[in-house]
Amino acid sequence: MAEALFKEIDVNGDGAVSYEEVKAFVSKKRAIKNEQLLQLIFKSIDADGNGEIDQNEFAKFYGSIQGQDLSDDKIGLKVLYKLMDVDGDGKLTKEEVTSFFKKHGIEKVAEQVMKADANGDGYITLEEFLEFSL
């Protein structure tokens, strides 16, 4: 399934997916309308930072979108949340949020995101993140 989706996105068939190919795909699917969010997700998937997503990088990412409705208005935020949730426990810690945004050179965003912790328990659930981000 991941391989078939990769091939669908890789329009020129060169074995790597460029940002433009991803942008065209999500536009066709009417998913992730915010370009800054799409760029952040792309950079997060592109682990080696070469400006393209190879099949291995895509396979690692595929789990975060598997079973998701790509036309869901919140799909970009849900994917971003899963990319930040490094340990996969379904809640974000301050360390996960800070590490993610620091890696992308926008650590000030981490402070804002931590405000999503509505109940003050030190973790951000997906629900809190979506509510805060809307």
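Even glycines carry a Cβ here, placed using N, Cα and C.
For the domain 'EF-hand 1' (1-32), the residues of the chain that approach it from at least six positions outside its boundaries are 38-39, 41-42, 51-55, 58-59, 62, 66, 70-72, 75-76, 79, judged by C-beta separation under 8 angstroms. Feature annotation from Swiss-Prot assigns domain 'EF-hand 1' to 1-32.
When Cβ atoms from all protein chains are considered, those within 10 Å of N12 (Ca(2+) 1 binding site) total 10, not counting its own. What Swiss-Prot lists as Ca(2+) 1 binding site is D10, N12, D14, A16, E21.
For 33-68, the entry in Swiss-Prot reads domain 'EF-hand 2'. The average pLDDT computed over the domain 'EF-hand 2' (33-68) stands at 87.
In sequence order, I45, D46, A47, D48 are the residues of the chain that are 6 or more apart from E57 (Ca(2+) 2 binding site) and have a CB within less than 8 Å of its CB. The Ca(2+) 2 binding site annotation in Swiss-Prot covers D46, D48, N50, E52, E57, and the record cites experimental evidence as its basis.
Under the heading domain 'EF-hand 3', Swiss-Prot lists 72-107. Helix, strand and coil counts under DSSP for the domain 'EF-hand 3' (72-107) come to 21 helix, 2 strand, 13 coil.
The Ca(2+) 3 binding site annotation in Swiss-Prot covers D85, D87, D89, K91, E96.
Tertiary neighbourhood of the domain 'EF-hand 4' (108-134): same-chain residues 74, 77-78, 81, 90-94, 97-98, 100-102, selected by CB-CB distance under 8 Å and a gap of 6+ residues from either end. What Swiss-Prot lists as domain 'EF-hand 4' is 108-134.
Positions annotated as Ca(2+) 4 binding site by Swiss-Prot: D117, N119, D121, Y123, E128. Within 10 Å of the C-beta atom of Y123 (Ca(2+) 4 binding site) sit 16 other C-beta atoms, taking all shown protein chains into account. Under the three-state DSSP scheme, Y123 (Ca(2+) 4 binding site) falls in the coil class.
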Mind checking which residues of the chain, 6+ beyond the ends of the domain 'EF-hand 3' (72-107), have their Cβ under 8 Å from one of its Cβ atoms?
31-34, 37-38, 40-41, 43-45, 61, 63-65, 113-114, 122-126, 129-130, 133
Measure the Cβ-based neighbour count of A16 (Ca(2+) 1 binding site), defined as the other Cβ atoms within 10 Å of its Cβ.
18
Tally every other Cβ atom lying within 10 Å of the Cβ atom of D87 (Ca(2+) 3 binding site).
10
With DSSP as the yardstick, break the domain 'EF-hand 2' (33-68) down into helix, strand and coil residue counts.
19 helix, 3 strand, 14 coil
So if I draw a 10 Å sphere around the Cβ of N50 (Ca(2+) 2 binding site), how many other Cβ atoms end up inside it?
10
